[in-house]
Amino acid sequence: MSLTPNHRPVLVVDYGAQYAQLIARRVREAGIYSEVIPHTATPQEIQEKNPVALVLSGGPSSVYAEDAPGIDPDILKLGLPVFGICYGFQAMTHALGGKVAATGKREYGRTDLEVKGGVLHDGLELSHKVWMSHGDAVSEAPEGFTVTASSEAAPVAAFENVEAKMAGVQYHPEVLHSPHGQQVLTRFLTEIAGLEQNWTAANIAEELVEKIREQVGPEGRAICGLSGGVDSAVAAALVQRAIGDRLTCVFVDHGLLRAGEREQVEKDFVAATGAKLVTVDERKAFLDKLAGVTEPEAKRKAIGAEFIRSFERAVAGVLEDSPEGSTVDFLVQGTLYPDVVESGGGAGTANIKSHHNVGGLPDDVEFELVEPLRLLFKDEVRAVGRELGLPEVIVARQPFPGPGLGIRIIGEVTEERLETLRHADLIARTELTAAGLDGIIWQCPVVLLADVRSVGVQGDGRTYGHPIVLRPVSSEDAMTADWTRLPYEVLERISTRITNEVADVNRVVLDVTSKPPGTIEWE
């Protein structure tokens, strides 16, 4: 199941931009529901979604390239408000009869925008910074459009036709590097397109509960695996709100957990929801399946497959205590929108890696999936959790991958290596919390390079220990991320404690890679 809201969407047409999903998120931040569709969508397919407006995303192509994705002119004749961004701005111009030129001047990064009036930039400084990323530029606006901004390399950096409810900008209003970008996007949606801002956490929760009731039916029973994270907790809380005690939550202790995690789930979630919880100990089964497995994708698949097998065993146990003839047909998953995107869930997207909530399920899975969060971003999930009354200890928890520490050990997963990583992870989390840094870090994976040995000096002799990698990142939604600039004294305390207290570790290193190009998790 995925959320099909009672809201007509703003459709973000994806031209291959890394920020297409971020645009959709910004539209929702403006209080309006949005979805992403591929640029290959036909006018008929667009009409079937009954949208209220279109936003054309950026993309890497030139409108003059032989295989450049364009926009069907018939789409622009549907009578919908249209907003073009970067490449979408140029494609829109081209389709409407304006001119796009290869000026030979490129603009990448922060750029001065010169405002010449109009609705989009009304009240903003006449010269302010925006984030540009383009080679070609619009040299002449289509007939009926007013040029409202320019830059050094883009004579037409923004235009609008208020009567036709169409506008566009050459820069990227969706990124934080364009300080007034959210205001500009909201102006288009509300003042030019005339849309109502009615997308809130309260109505998201209400609609989700109703959709779950429709899918599961009046007698259907569901099972939900709790990981201890916010996604599974909110998904379970929604389903329980919808079907009550026909939901059984199962916490699989697969041995890949962080220190104290099992106890936290058994205490915090049950106290907050009163849900039925069954805990099963499957540590040996998972370690047996992972024995000798070192390839990251193989590990993910093995963990996903064994998780379902563990679930089936748990279901059998639940059914033993149920009325004769009862079955459990529905499996609740906390899949999020970025999960689907990263797993190649849309046309034109590359399959980066098999996501732990999407691609690891075996073909013979016996459950019908209930995925109430599938079209939500992380901030929306937290908002729904608060709306449902879940405590901050759950909704504010940093993300943790479904495969757990299994994908934070580079190499074979063994009990000894898990204990090493678990100890190092606890030290890092304890020090970050003590320093008051939890609020600025999206998450901080701690990674054990188990197949690497580095030379060190500890005590009176040389050692050959494993390196530990700290990967603190800051992000809004996990689609893009930057490494967090932690205070040196905090890094020093973490490093000193890990090398002093964790056996067989003699080096701590800091990962300073952004996403892209690197993903947040190492595997």
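Sequential numbering from 1, following the chain as shown.
Any Cβ shown, glycine's included, is placed from N, Cα and C.
Feature annotations, reproduced from Swiss-Prot:
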- 9-198: domain 'Glutamine amidotransferase type-1' (DOMAIN)
- Cys86: active site, nucleophile (ACT_SITE)
- 199-397: domain 'GMPS ATP-PPase' (DOMAIN)
- Ser227, Gly228, Gly229, Val230, Asp231, Ser232, Ala233: ATP binding site (BINDING)
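Swiss-Prot feature annotations superimposed on the structure.
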residue	record	Cβ contacts under 8 Å, 6 or more apart
Ser227	ATP binding site	Gly334, Phe400, Gly402, Gly404
Gly228	ATP binding site	Phe251, Leu257, Glu261, Arg262, Gln264, Val265, Phe269, Arg397, Phe400
Gly229	ATP binding site	Gly334, Arg397, Pro399, Phe400
Val230	ATP binding site	Lys378, Val381, Arg382, Gly385, Ile394, Val395, Ala396, Arg397, Pro399
Ser232	ATP binding site	Cys224, Gly225, Leu226, Val332, Gln333, Gly334
Ala233	ATP binding site	Leu226, Phe269, Gly334, Gly385, Leu390, Ile394, Val395
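Excluding Ser227, Gly228, Gly229, Val230, Asp231, Ser232, Ala233 themselves, the residues of that chain whose CB lies within 8 A of the CB mean position for the ATP site are, in sequence, Leu226, Val234, Ala235, Gly334, Ile394, Arg397, Phe400. Asp231 (ATP binding site) and Cys86 (active site, nucleophile) have their C-alpha atoms 33 Å apart, to the nearest angstrom. Note on the domain 'Glutamine amidotransferase type-1' (9-198): mean pLDDT across this stretch is 90.
Around the Cβ of Asp231 (ATP binding site), a 10 Å sphere holds 24 further Cβ atoms from the protein chains shown.
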